[in-house]
Amino acid sequence: METVDTTSRLAKLRELMKRERVDVYVVPSEDAHSSEYICAADARRAFISGFTGSAGCAIVTQEKAALSTDGRYFNQAARQLDENWELLKQGLPDVPTWQEWVAQQAEGGKNVGVDATVITAQQAKSLETRIKKKGGTSLLGIPNNLIDEVWGADRPNRPNNPVMVLDEKYSGKEFPLKIEAVRKELENKKSPGFVVSMLDEIAWLFNLRGTDIPYNPVFFSYAFISPESTTLYIDSSKLDEKVIAHLGSAVKIRPYHEIFDEIDLLAQKLKVGQPETDSKASEDGGKWLVSNKTSWALSKALGGDDAIEVIRSPVEEEKAVKNDTEKEGMKRCHIRDGAALTEYFAWLEDELLKGTKIDEVQAADKLEQIRSRGENFMGLSFDTISSTGPNAAVIHYKPEAGNCSVIDPKAIYLCDSGAQYLDGTTDTTRTLHFGEPTDMERKSYTLVLKGMIALDRAIFPKGTSGFALDILARQFLWSEGLDYRHGTGHGVGSFLNVHEGPFGIGTRIQYSEVALSPGMFVSNEPGYYEDGSFGIRIENIIMVKEVKTSHSFGDRPYFGFERVTMVPMCRKLIDAGLLTPAETEWLNSYHAEVFEKTHGFFEKDSLASKWLKRETTPI
């Protein structure tokens, strides 16, 4: 991980800030669609700060520059930021949030600026309130992104790749039925229309996929759904005859950038009593519906706070609960993916013990090569985290060719990887050791494993959130005074983004807002990290399902989890003496299931077959 000299970039930005009469400039990580993962052209925060992690916010004044990020990236940010930057370690005691830091810098009547397309309306409203409480003047939406001006001709071009139709045998539901579900929400709210701006929601809604953002099968677009019409805002050059036929005459196609002008016009017509249609919602004066992730710019175009109602997207909520076709596809692709990981780990162990020098990138490339032979493979779902020894302590470590470590067979190796398949998306982490682990490594691994098992075995009543379950995964680490600085679980899309909401398992308060429901796929990934020494993480994907219980208190159904990931744990790192009989039974049962579902992919006496049999032998 190299450090970038940001001195000249900051100097240019500060000159532009003077031109715009902005004292504090905010640079979020997200793009205009509030995407967690972005294309190279939208990596503005990374460009100005040098920090390449997926989460964080940069703030620049005439005298200071600060980067705020969460615990997943403390080590990485410390390595990548140069001397121009102050690192704000989000969540630590006495460390301000980026919003608090902005408000502090705005004291004394200063102006704060931001590109209104890359901050949500809710974030902008909250930030402006903080600024004014501290004596700042206002939050300004700057029309042109100042980072783009600093970047100039070196800024990468925005992708404009073709879109593909996802067959119903993978999606499980015709897209007009999905749109009708949105219209029911409009009817319930007496709303004249809903703007869909999240890229994965649009891809899911129309049963389309793309390649505009690496590892995420999405495409740049917006959608607008009214009680009578559906409009997709997209560059028409992305659509071939098959896609156009798939959408049919019921979907109007408009240029991508015209969304702002057209919804502004619709908003003006509605304001003066000339709605687009004769819909009852328009007559009743209902508000436009926007999701809580809609940009400030879009919200302002619709008329601002008085004209919009911010809701959790009904598309996001329906997408999170997989239908029967999606559930079966996710299970199948995880079995194939598990077989690929077994083949990879068997190969890696054999090569390392023979003395072959393999670096982290070479190993990751080999894993991708093995995966690519699998049925329905469409690419990776994120950059493979292939990390040896102390690099494994960097939670979202990204090895780079020519600047990475050779895998040490005497050290821990952490591999967090996933793939995109037509029938689903995978994300699996395994921590291995090819030599003799230390007592601390074995104890740490076993404590993490115990937490993962506890969450996997949980049974809970309807209405329970991931916030309530998070302690199950941390309890054994906490009992030793240990912990990890990341969430325990995130939602997973079906041939879509590897991270999806609106639910999750973790300590963030927003995880208390959405209950876990049958059909949701979520990761179970506790970990432990010793800076400069080693890192441990174990991750399975699990599916929420209804379970039978001997009683039903409150006449509520009870839920549990079904195991989806099929990859052995590392026997060498398990201290069996720390496991209870119930945990040992769980482990042996899981390994029996892994063997049963994946051994058929290998020749009887192959390297992978022998490795699988050894690693799944009961303890």
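Each Cβ is built from the backbone N, Cα and C atoms, and glycine gets one as well.
Quick caveat, the model's predicted, so the values are computed rather than measured.
Around the Cβ of Glu539 (Mn(2+) 2 binding site), the number of neighbouring Cβ atoms within 10 Å comes to 22. Annotation source Swiss-Prot lists Mn(2+) 2 binding site at Asp416, Asp427, Glu539.
DSSP assigns Glu539 (Mn(2+) 2 binding site) to a strand. Residues or ranges marked as Mn(2+) 1 binding site by Swiss-Prot: Asp427, Glu525, Glu539.
Glu539 (Mn(2+) 2 binding site) sits 4 Å from Glu525 (Mn(2+) 1 binding site), counting Cα to Cα. If you measure from the Cα atom of Asp416 (Mn(2+) 2 binding site) to that of Glu525 (Mn(2+) 1 binding site), you get 10 Å. Remark: Glu525 (Mn(2+) 1 binding site) has Thr429, Met452, Thr488, Gly489, Arg537, Ile538, Glu539, Asn540 as non-local neighbours, by Cβ distance under 8 Å and separation of at least 6 in sequence. In sequence order, Asp416, Thr428, Thr429, Gly489, Ser523, Asn524, Arg537, Ile538, Asn540, Ile541, Thr565 are the residues of the same chain, not among Asp427, Glu525, Glu539, whose CB sits within 8 A of the CB centroid for the Mn(2+) 1 site. What surrounds the Mn(2+) 2 site, by Cβ distance within 8 Å of the Cβ centroid and not counting Asp416, Asp427, Glu539, is the set Ile385, Ser417, Gly418, Thr428, Thr429, Ser523, Glu525, Arg537 from the same chain.
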